[in-house]
Amino acid sequence: MTSELLEIHPLELKFTFELKKQSSCLIQLTNKTDQYVAFKVKTTSPKKYCVRPNTGIVKPKSTYDFTVTMQAQRVAPPDLICKDKFLIQSTVIPFGTAEENITSDIFSKESGKHIEEKKLKVYLSPPNSPVLTAINGDLKQDIGHETSSPRDKARDGVENIPPSQKVAEDFMGFETAKDAATMGTQRFKTSGDETEELTTASDLQSSVAKDVQQLKSSKADDFENLKSKISFMDSKLKEAEVTIMKLTQERSMVARETDKLQSELELSKTKSNAIRITQVGFPLLYVCMVAVVGLVIGYLSNL
């Protein structure tokens, strides 16, 4: 393809740098073709920037905006020179493709498709800089987007590099910018046929979804296990309560039987003592017999 798929405006990312404050920049993509074009944004510092959205579909003869936010920094770079770079990949996709189906495989060069790639540099400016003017809530430099000063070229460290080496260096190290704190991994080839790990939000979205699903399933299983354990402990507790009640009743019965035996023992002791008292001295019958015999002897002696 000789004509470019997407026009990018601006061609440079300019941020107003303030310590411990975020700064945003709006990028507009224009599709002047009659085809649907998918894009993906990568950066060499994915933990430093947040791109929303980092993938999307630009309809024919239309524009698409995305925002790049630089996270609050604790330390300022020397002379506000930033070596971060962004890479925007784009390719033609079939009509009807949904944005959620935009994956890293679409931008793989191994498929033989035409992948258009454009590099964007990052420039930092102090607050209230006279060189920058406010536009759409972001800052845009008054000079043209296609020109850059020798100082800008020198600070990027790529001006004096041979063309092939320069392309390889610019392409090396790009990682997909994180989108809403999501990152995944993918690989892409440089002009020197070298590959390196890249982080992509689209890959991590599916990974995070799987992790969340697994976590929910694990949590559900853990909850069911905990619920079953609690039910088991409740049943054991009820059994223990019933056993304690039975033991308490048996103890009461044993105490009553013990009291009854003690009372019977006391009564038996009382009766035994009475019998012993009765048996002390002469029996009544013996006394009567002795009296009768005495009377008979007395009577006979008087005759």
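Using N, Cα and C of the backbone, Cβ positions are placed for all residues, glycine too.
Because TrEMBL annotations are produced automatically, they should be read as predictions rather than curated entries.
Computed from a predicted structure; not experimentally measured.
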Pick from 99-119, 141-161: which stretch is listed in TrEMBL under region 'Disordered'? 141-161
Coiled coil per TrEMBL: which of the ranges 48-82, 223-257, 258-292 is that? 223-257
Kindly report the helix/strand/coil residue split of the domain 'MSP' (5-125) according to DSSP, in that order. 13 helix, 62 strand, 46 coil
